[in-house]
Structures are given as C-alpha cells and as structure tokens.
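Engineer: These came from TrEMBL, pasted as-is:
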| type | residues | note |
| --- | --- | --- |
| BINDING | G19, S20, G21, K22, G23, T24, R130, V139, Y140, T201 | GTP binding site |
| REGION | 39-68 | region 'NMPbind' |
| BINDING | S40, R45, L66, L67, V68, G93, F94, P95, R96, Q100, R163, R174 | AMP binding site |
| REGION | 129-166 | region 'LID' |
| DOMAIN | 130-164 | domain 'Adenylate kinase active site lid' |
Amino acid sequence: SAPPMASKLLRAVVLGPPGSGKGTVCDRIARSFGLQHLSSGQFLRENIGGGAEAGALAQQYLERGLLVPDHVITRVMMTELEKRREQHWLLDGFPRTLGQAKALDGICELDLVISLNIPFETLKDRLSARWVHPASGRVYNMDFNPPHVQGVDDLTGEPLVQRQEDRPEAVAARLRKYKDAAKPVIELYKGILYSFSGTETNKIWPYVYSLLSSRIPPIHPEEEH
C-alpha cells in the first residue's frame, strides 16, 4: 500500500520501561497514523538467525527474561530496517542501549522519540500481574486483560507462565537495570525527545496523539479510541 502523503517519511521510537504500556501506545499510534509498528521482541521471535540453533539461543534469552546481547539484536534490527527504507515506522523495544542507538543513527535519522515516564510502583504492580504464552509471546495482565480461562492461552489453550523477570522479587532489579541503560539513550535524543508521564495509558494517549498529529496526518480520527 502506498505510504500516506507526507513531505517525508516519519521515523519514531517509543522508549519506556517494562510495564510502561509501550506496546499499547505503539499499537494505537500504528492504527491512528498508519506507521509500521516494529517490535524488536517480535522480530527476534520471528527470524533470529534463521537457523534453529540461533533461534533456540534467542528464545533462551527471551524466556529467561535476559536481554538478547547487543550485537545480536542490532544485527536483526538493522536487517529489518534496511528492508523498510520507504516506510513510515515506529520502533518499540529498540534501541535499549547507547550502542544500539548509535548503530541506528548510522543508518537513519529519527524524527521523534517518545519516552513513557511511569511511576515505579505502577510498573511494579503491572509487571507482577503479567503472564505470558511463551510460544507466541502473547502477554496477559491479570488486572487489565486476563485470559478467558484462568492460566491458559486464549488461542491455543496452552498453559501460561510467569516469566522469572516478572516475579515480584525480580522486578525492582530489572527496572533499575532498564533505567541505567536508558539514561544515555535519553540524553542522546534530547533534541527530539518528548516525555509523557502518568499512571494510565488512556490519560497519556491524547497527548501522544496530538504530538503525532502535528507531524503526520491521522488516518483514523481520535474518536475511535
């Protein structure tokens, strides 16, 4: 499909700690503005290395809640972005570190970085309510979107697991680690970074929407949300 009429392609990144509602915000932006939502987790699951071995390796990192090493994720993302030179896109989950951000800078110029600033307590509550279906990466939240049947995936009926990193005792360390890695990235993007704070995605969304509307015409008017 032809890209929307805009003077230039829009390249945006959404940054935010685990549990910040990044996925939801990205889905809404993608729907409202016709940007391709590029999720690093999704790409990793789909096509890491092509070989069964590399795929299994990435899967191990993901399932144990470890960040996939910089060089691996950077290679995967660069390959995917190269294929999308003519598209408007929105990056989610990448770049997470200064090294990744510099690699990204090497291949394109970003227009906009959105940073979600959510209080620690809120993140902690959201994360420990999270359960996943490991094979597909589908995430359920026991508070917002629980599965139809307690403990099993809606589509496959397979059991859900709580990832190690979503267990309450792991959450604080994980958020600290995110913050340390994100600091220099946020610093790097100072000129194009917009930060949104709050405890509810629905309250943050109108501000994100109006920021994007000032850059690119919406394809779906706001009322739909």
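Using N, Cα and C of the backbone, Cβ positions are placed for all residues, glycine too.
Predicted automatically and left uncurated, TrEMBL annotations should be read as such.
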Engineer: Quick one: largest C-alpha distance among G19, S20, G21, K22, G23, T24, R130, V139, Y140, T201, binding GTP per the record, in angstrom?
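Structural biologist: The span, Cα to Cα at its widest, is 17 Å.
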Engineer: Report the nearest neighbour of F94 (AMP binding site) in space among the binding-site residues G19, G21, G23, R130, Y140, comparing Cα positions.
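Structural biologist: Looking at Cα distances from F94 (AMP binding site), the smallest one goes to G23.
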Engineer: How big is the gap, in Å, between the Cα of G23 (GTP binding site) and that of V68 (AMP binding site), rounded to a whole number?
Structural biologist: 18
Engineer: Between R96 (AMP binding site) and R130 (GTP binding site), what C-alpha distance do you get in Å?
Structural biologist: 21
Engineer: Measuring Cα to Cα, tell me the gap between S40 (AMP binding site) and G19 (GTP binding site) in whole angstrom.
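Structural biologist: Between the alpha carbons of S40 (AMP binding site) and G19 (GTP binding site) there are 16 Å.
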Engineer: Can you give me the Cα-Cα distance between V68 (AMP binding site) and G21 (GTP binding site) in Å, rounded to a whole number?
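Structural biologist: So the alpha carbons of V68 (AMP binding site) and G21 (GTP binding site) sit roughly 21 Å from each other.
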Engineer: What does the DSSP secondary structure composition of the domain 'Adenylate kinase active site lid' (130-164) look like, as residue counts for helix, strand and coil?
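Structural biologist: For that range the per-state counts are 1 helix, 12 strand, 22 coil.
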Engineer: Using a 10 Å cut-off on CB atoms, tell me which of the binding-site residues G19, G21, R96 is the least crowded.
Structural biologist: R96
Engineer: Could you round the CA separation between R130 (GTP binding site) and R163 (AMP binding site) to a whole angstrom and send it over?
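Structural biologist: Rounded to the nearest whole number, the Cα-Cα distance is 8 Å.
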Engineer: Just the number: how many Å between the Cα atoms of G19 (GTP binding site) and R163 (AMP binding site)?
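Structural biologist: For G19 (GTP binding site) versus R163 (AMP binding site), the Cα atoms are 13 Å apart.
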Engineer: Determine the minimum-neighbour residue: among F94, Y140, listed as binding-site residues, which Cβ has the fewest other Cβ atoms within 10 angstroms?
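Structural biologist: Fewest other Cβ atoms within 10 Å, among the binding-site residues F94, Y140, is found for Y140.
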Engineer: Looking only at R130, R163, which of these binding-site residues has the biggest number of Cβ atoms within 10 Å around its Cβ?
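Structural biologist: When each Cβ's neighbours within 10 Å are tallied, R130 tops the list.
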Engineer: Let me spell it out: for each of the binding-site residues (G23, S40), count the other Cβ atoms within 10 Å of that residue's Cβ, using every protein chain shown. Which one has the most?
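Structural biologist: Highest number of other Cβ atoms within 10 Å: S40.
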